[in-house]
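The following features are taken from TrEMBL:
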- 165-328: domain 'GTP cyclohydrolase II' (DOMAIN)
- Arg207, Leu208, His209, Ser210, Ala211, Gln228, Glu250, Gly251, Arg252, Thr272, Thr307, Lys312: GTP binding site (BINDING)
- Cys212, Cys223, Cys225: Zn(2+) binding site (BINDING)
- Asp284: active site, proton acceptor (ACT_SITE)
- Arg286: active site, nucleophile (ACT_SITE)
Amino acid sequence: MSLIPTLAETAARARADLRMGLPVVIGGHLAAAVETLSAARLADLQALGPAALVLTARRAETLKARIYDPGLARVKVPGDADLGWLRALSDPAGDLMTPMKGPCFTERGGDVQPHQAALALAKSAQLLPAMLMVPAAPQPGLTSLQPGPLLALLASETAMHPVVAARLPLGAAERTRLHIFRPDDGGTEHYAIEIGDPPRDAPVLARLHSACFTGDVLGSLKCDCGPQLHGALTAMGKNGSGVLLYLNQEGRGIGLANKMRAYDLQNQGFDTVEANHRLGFEDDERDFRVGAALLRRLGFTSTRLMTNNPRKVAMLESHGITVAERVPLIAARNRFNTDYLDTKSSKSGHLL
Ligand SMILES: Nc1nc2c(ncn2[C@@H]2O[C@H](COP(=O)(O)OP(=O)(O)OP(=O)(O)O)[C@@H](O)[C@H]2O)c(=O)[nH]1
Ligand SMILES: [Zn+2]
């Protein structure tokens with residue numbers, strides 16, 4: 001029946017539910033994001049049975065909670081725990097001010113696929129990966145998902161389709177077209193900026209640029225994104241042709257709110273990688289497969305890729321796009337970005 005929502009459509013609804021503080025049903029559990037949970041809904045969830053706070057192994061390591069499950073820990077929630085207790089364990093903002101949380105007793109044994117799926121869904125909704133879960137029967141009106149298919153969906157490549165393209169003269173290159181691509185589940189759009197008329201049978205000067213609102217738009221001095229974006233467009237203009245994919249993977253895929261949480265932690269002395277880990281994320285949550293897919297869609301099979309990130313080169317190569325040459329894209333250092341650039345080269349493998 002074509003009027004019944006597909007799994008991808010139901011998952012998109014579930015993301016919206018979590019973002020507005022509504023629980024979803026995942027494999028016999030009610031699951032709510034701690035970040036958006038209200039006190040009233042917490043009380044209603046706790047009335048249904050014993051609750052667990054599900055955290056990623058990254059966050060659990062910081063809290064020194066025992067990790068028995070692959071990739072996560074299920075912290076037992078005491079019956080009298082309030083929102084403040086849950087938030088203090090979920091959000092590292094106050095870790096240094098109130099270092100002694102817990103003690104955290106974690107559950108072990110049983111099927112943790114629903115918990116894995118809940119955390120993956122929270123990440124894909126760009127919320128803090130911290131979920132309150134209660135085993136319970138499905139409630140009327142709540143979005144319901146099976147954990148196995150949901151995990152498979154979230155790990156799979158999102159199909160994109162072209163929506164529209166139009167001429168857009170830029171300071172860097174007057175002969176430019178902006179293409180909009182949209183995922184089939186109505187999620188985040190990505191853009192392709194095509195400069196000149198790059199021949200499809202030769203390596204195209206290309207960049208996969210991940211969104212950085214602070215750097216690209218505001219000219220932040222904390223990172224190298226703004227100069228890289230404008231440097232790449234200028235180089236493509238001078239070259240007479242090129243394609244820049246503007247991928248809406250803000251904050252290496254964790255979203256702007258979480259990136260600002262990471263900046264707050266960096267102001268407390270943690271580096272960019274440690275900050276992501278304390279929040280419960282991996283260093284880099286981006287899915288670069290979409291970059292390869294969009295290049296192919298535009299008719300390109302070979303690139304001269306402007307990047308310092310060997311992971312981007314490896315990913316394109318493993319998804320059928322030849323990287324004929326890596327073109328370094330080095331931005332100037334300043335006193336605000338020098339530690340960030342050092343961490344990128346020492347911990348993230350960037351060639352700087
Ligand atoms: N989580 C997090 N993201 C950051 C931070 N600083 C910058 N970013 C994000 O990092 C990403 C950088 O993207 P890119 O410049 O395309 O990628 P890159 O891995 O640096 O590789 P190249 O620039 O191609 O060498 C953007 O999404 C930024 O928003 C930070 O401190 N924490
Ligand atoms: Zn940036």
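Count begins at 1; order follows the chain as displayed.
Including glycine, each Cβ sits where the backbone N, Cα and C put it.
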For Arg252 (GTP binding site), the three-state class that DSSP assigns: helix
Averaged pLDDT score, the domain 'GTP cyclohydrolase II' (165-328): 97
Three-state secondary structure, Cys223 (Zn(2+) binding site) (per DSSP): coil
Inter-residue C-alpha distance, Thr307 (GTP binding site) and Cys225 (Zn(2+) binding site) (nearest angstrom): 11
Distance-selected recorded positions near ligand 2 (C-beta under 6 Å), from His209, Cys212, Cys223, Cys225, Arg286: Cys212, Cys223, Cys225
Helix, strand or coil at the residue listed as 'active site, proton acceptor' [DSSP, three-state]: coil
Distance [Cα-Cα, Å, rounded] between Arg252 (GTP binding site) and Asp284 (active site, proton acceptor): 5
Recorded positions (Arg207, His209, Arg252, Arg286), the one with most neighbouring Cβ atoms at 10 Å: Arg207
Filtered recorded positions, from Cys225, Asp284, Arg286, whose Cβ is under 6 Å from an atom of ligand 1: Cys225
Densest Cβ neighbourhood among Glu250, Asp284 (recorded positions), 10 Å radius: Glu250
